[in-house]
Amino acid sequence: MSTKIGVMDSGAGGLTILKSIQKNLPNIELIYFADQAHAPYGAKSDAFIVDRLLVVADFFKSQGCCVMVVACNTATVAGIQTLRAKTDLPIVGVEPAVKPACRRSSRKRVSVLATEGTSKSLRLNELIEAWRFDTEVQVLASKSLASLIDEMPSVLSVAEQEVVRVSTIVKEHQSDALVLACTHYPLIKNMFEVALPGVEIVEPSEGVTAQVRRILLSQGHALSDDFLDDANVAIFTNGAVGFQKSLSYWSQDIEAKNICFVDI
């Protein structure tokens, strides 16, 4: 029996984390769940998000997963501590990569782009205070970008306008690093790279993958660089047809089984 990891997000954003795990741990079977019926999480209460995380944890357990990755910054901030207390699944969350950005910034000026919920969170403020040292950190919030990414490619031009808006503010701050503090944003990392030449775009997928590896090794799982014979990704969503089309769009470069609807 292969080792199974469950990766979840409110939409397509967590695919950035899934792709990193698939690339670096190719003999692991991956279950991806997009909670698109309840997206976006940014405007939801912490209690609501915790309830959804518990439902998804039960789903992953029913699929035989041995680790759950909460591939959503907002959900990590809102509910990961409660989730860890209420489930026996090992949980890996996603936090903004403030530490590496501040360490690598030569200008000592860093921008962080987040959803409204994450931008106002105590946890983001704690991370900034812990790792900024003499770096000036600018926090930006986007009300629309995560949702726009979930509606791609039909809203491409609108998403590009939002990237230009954000990039203009980053340039004004003279930052040399931009932290993408929502897992949706790395899906359009290339747009930020075009809009912000010379600015390092920092995202958390490598750190999350490393933590998953540590947990699997501690559990005694055998890891190798050999790929499974069959597609090692199964994708599930509770979203409507429009959301499913977006999920298909963003998962084109993933060798996956069919996207399946699940009513949870």
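Every residue gets a Cβ built from N, Cα and C, even glycine.
Quick look at what TrEMBL annotates:
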- D9, S10, Y41, G42, N73, T74, T183, H184: substrate binding site (BINDING)
- C72: active site, proton donor/acceptor (ACT_SITE)
- C182: active site, proton donor/acceptor (ACT_SITE)
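A Cα-Cα distance of 9 Å separates Y41 (substrate binding site) from C72 (active site, proton donor/acceptor). According to DSSP, G42 (substrate binding site) is assigned to coil rather than to any helix or strand. With respect to their backbone Cα atoms, T74 (substrate binding site) and C182 (active site, proton donor/acceptor) stand 8 Å from each other.
Annotation note: D9 (substrate binding site) sits in a strand segment as assigned by DSSP. Across the residues annotated as binding substrate (D9, S10, Y41, G42, N73, T74, T183, H184), the widest Cα-Cα separation comes to 12 Å. Here C72 (active site, proton donor/acceptor) comes close to M8, D9, S10, G13, G14, Y41, V94, C182, T183: these same-chain residues lie at least six apart in sequence, with C-beta atoms under 8 angstroms from its C-beta. Taking the centroid of the Cβ atoms of D9, S10, Y41, G42, N73, T74, T183, H184 as the substrate site, the other same-chain residues with Cβ within 8 Å of it are G11, G13, G14, A39, P40, C72, A75, T115, A146, C182.
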